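Have a look at the structure below before the remarks.
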Amino acid sequence: MTEHVPARPEPLQPVALGRRATGTSPLRLGVLASGRGTNLQAILDACVNREVPARVVLVISDKPQAQALERARAAGVLAEYHDPRIHPGRASYDRHLADRLEEAGVELVCLAGFMRILGSAFVERFRHRILNIHPSLLPAFPGKDAQRQALEHGVKVSGCTVHLVDEGVDTGPIVLQAAVPVLEGDTEESLAERILQHEHRLYVEAIRLYAAGRLQLEGRRVRIVPGGACQGT
Ligand SMILES: Nc1nc2c(c(=O)[nH]1)N[C@@H](CN(C=O)c1ccc(C(=O)N[C@@H](CCC(=O)O)C(=O)O)cc1)CN2
Ligand SMILES: NCC(=O)N[C@@H]1O[C@H](COP(=O)([O-])[O-])[C@@H](O)[C@H]1O
C-alpha cells in the first residue's frame, strides 16, 4: 500500500501592500472617524511635519458633531458629515462612503475611532487598503469597550493594534502592535488615555511603512521588509 504523503501547501504568494509614495506624490489618505479625532490629529500632524509621505485629502464622519470634523477643518482638510439615517440600510451607506472616497482619489482608508462595521462590499472595493487602530492587543478584546474588557479580565498588559480591515470585526491581518501596562487602580479612562498615547505613535508608523512600500502580506502575516524592497504583485 502506498504511503499517503500530504501535499506540501503551496507557498503563499506575497502581496505588496500599497504603493511607494514620494514627496512629490504623497499617498492620498481618507480618514473615517466618529469621535474626538485624536488619532486623526496625530495623522494630520505627521503629514504636515513630513514624518510620512502622505496627505489627508478627506475626512468623513457619521456623526455631525464629531470633533474629528473640526480638527480636519482646522487643518484645512475637506471634512464631511454623511448621515447614515438617509440611507435605507448599511449597504447603501457603505456604497455611498466608498463612492465618495474613490471620487476624492483616496488610496488608503484609515479608520480612526470609526464606530460602524463596514460591509463586505466596501472591504472588497478597498481590499488591503483599509487600516484600523484598536485599543487592545488583538485578538484579545475585539469590538467596542476593549479597555473595559481588559480591566474586567484582569490582564496586566494590554496595548493597541493597527490591522488591515477585513470582513470580520478586528480580525484582519495585524500590521503593528504596542504593549501597554495595566496599572493598579486603573480605570477605563486612565487605561484608555495611556493606550491612546501609544496609538498615535503606532498609527503614524504603520502609515509611514505602508506609504514607503515596506509592508508585504503573506497569508495572514504582514511582513515589514527593508527599505521598499517589496516583491510580489
Ligand atoms: N469590516 C470591519 N469594519 C470595521 C472594523 C473591522 O475590523 N472590520 N473595525 C471597526 C472599529 N471597531 C474596533 O476597532 C469597532 C467599531 C464599532 C463596533 C460596533 O460594535 N459597532 C456597532 C454599533 C455602531 C454604532 O453605535 O453606530 C455596529 O456597527 O453595529 C465594533 C468594532 C470599524 N469598522
Ligand atoms: N473598536 C474601535 C475603537 O475602540 N477605537 C478606539 O476609539 C478611540 C478613538 O479615539 P480618537 O477619536 O481620539 O482617535 C481610539 O482609542 C481607538 O483605538
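Cβ atoms are placed via backbone N, Cα and C, with glycine included.
Please treat TrEMBL annotations as automatic predictions, because they have not gone through curation.
Feature list (source: TrEMBL):
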type: ACT_SITE; residues: His134; note: active site, proton donor
type: BINDING; residues: Gly37, Thr38, Asn39; note: N(1)-(5-phospho-beta-D-ribosyl)glycinamide binding site
type: BINDING; residues: Arg90, Met115, Arg116, Ile117, Leu118, Asn132; note: (6R)-10-formyltetrahydrofolate binding site
type: DOMAIN; residues: 28-207; note: domain 'Formyl transferase N-terminal'
type: SITE; residues: Asp170; note: site 'Raises pKa of active site His'
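In the three-state DSSP reading, His134 (active site, proton donor) counts as strand. When the recorded positions Gly37, Thr38, His134 are ranked by how far their Cα is from the Cα of Ile117 ((6R)-10-formyltetrahydrofolate binding site), His134 comes first.
The binding-site residues near ligand 1, defined by a Cβ under 6 Å from one of its atoms, are Met115, Asn132, chosen from Gly37, Thr38, Asn39, Met115, Asn132.
Residue pair Asp170 (site 'Raises pKa of active site His') / Thr38 (N(1)-(5-phospho-beta-D-ribosyl)glycinamide binding site) shows a Cα separation of 20 Å. Listed recorded positions: Asn39, Arg116, His134. Those with a CB atom under 6 Å from ligand 2: Asn39, His134. Listed in chain order, the residues near the N(1)-(5-phospho-beta-D-ribosyl)glycinamide site other than Gly37, Thr38, Asn39 are Ala33, Gly35, Arg36, Leu40, Gln41, Ala42, Ala68, Arg71, Ala112, Gly113, His200, each with its Cβ within 8 Å of the site Cβ centroid. Counting every protein chain shown, the number of other Cβ atoms lying within 10 Å of the Cβ of Asp170 (site 'Raises pKa of active site His') is 20. A simple Cβ count within 10 Å picks out one of the binding-site residues Met115, Ile117, Leu118 as the most packed, and that one is Leu118. Separation of the C-alpha atoms of Asn132 ((6R)-10-formyltetrahydrofolate binding site) and Gly37 (N(1)-(5-phospho-beta-D-ribosyl)glycinamide binding site): 13 Å, rounded to the nearest whole number. Computed over the domain 'Formyl transferase N-terminal' (28-207), the whole-number mean pLDDT of the model equals 98.
Maximum C-alpha to C-alpha distance over the listed (6R)-10-formyltetrahydrofolate-binding residues Arg90, Met115, Arg116, Ile117, Leu118, Asn132 is 19 Å. Summarising the environment of Thr38 (N(1)-(5-phospho-beta-D-ribosyl)glycinamide binding site), the number of other Cβ atoms within 10 Å of its Cβ, over all protein chains shown, is 19.
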